[in-house]
Amino acid sequence: MAPQVRLFLIRHGETVDNVAQLYAGTRDSELTNHGWQQATRLGLHFKAIGLKFTHIFSSHLQRAAKTAGLIREAQAKPSVCQASTHQVPDVVQLPVLMEQDFGYLEGKKWHERPPETKPANIVDVESKDSMVRRADLFLDGHLLPLLSDSGDGDSVVAVVSHGIMLSALWKRLLLRLPPKSVGFSPELAAAAHLSLDHLGGWFNTGYLELLLERKPLEAPVSSSDGSSAPPAQFPPSCPIRTFASATSALDEDAPDPARSVHSGAQEVGVQSELSGARAPLKVAGRWLTTIQTVNGKDHLKGLKRTGGGVGSSRHDASQKNIDSFFKRRRV
């Protein structure tokens, strides 16, 4: 069987700043009790469907790192149906996966109007160029090596990050994949009107699931005159939807960061236009990519926020779960 990489781009659980509707890029906002439940459910969901992660990456900010930690914790739990012991990878925390730095907007309300005249010493919002560089550092340093020709075996990769950074990662990854090699699963193609460069936002603990399959090389086909024709492109098993160009896929749709969003699906744009030359992109050849899930949140079905403000409060790991107050019956 040809090597496969299953890639999950995951947003962190709900935070206290999400609930308070505050800009939290570099602010190390903590998970709420509801956010902790979201992340716990996500980890158990991945475990239940038989996923065995080989790599887990996360932003170093605690909301992402704790979400990744709960995914790993679920992976490490023993399962009756497991035939073999799975070596659960450690979470690799990377600052390049952190959220956009909102600068002078950090900690301010989404609906708060920025000052008309900014002071000279004000810290501005992180530029799109800066986010592109960070996305490239992660992709080229950590993900692309898994797609190299020398890579053997299958990989299952989780990347836990933040709403805006995940959008940047997806668009930069899209530019590294061969032309006309990316499409939607038949279920997605039939159910939703999606375009590759505009997949929408990520709900808290929502995830984008990609299946990348490497195809073997084919020998050139000799024509009647003795010359060699290039091998035919491998048709994917799902509808292909191409994007206009590398530039438009990255540069368009960059709304003002002061645009309001709710604490669920976050898709705030990044500020400033791209400028200057970029290093050539590393293309992952011979890979077909199928988008299996967009903003997956099946794990959240039936989850209700705890009332009385408890669900929206900061999660305290030292607090006991209500079950711990009842003694277990001896058998």
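Every residue, even glycine, has its Cβ placed from backbone N, Cα and C.
Taken from TrEMBL, the feature substrate binding site applies to ARG11, HIS12, GLY13, GLU14, THR15, VAL16, ASP17, ASN18, ARG63. Cβ neighbours within 10 Å of ARG63 (substrate binding site), excluding its own Cβ and spanning all shown chains: 30.
According to TrEMBL, the region 'Disordered' annotation covers 249-273 (among others).
According to TrEMBL, the feature region 'Disordered' maps to 304-323 (among others). DSSP states for the region 'Disordered' (304-323), grouped as helix (H, G, I), strand (E, B) and coil, give 2 helix, 1 strand, 17 coil.
The 10 Å shell around the Cβ of ASP17 (substrate binding site) contains 20 further Cβ atoms across the protein chains shown.
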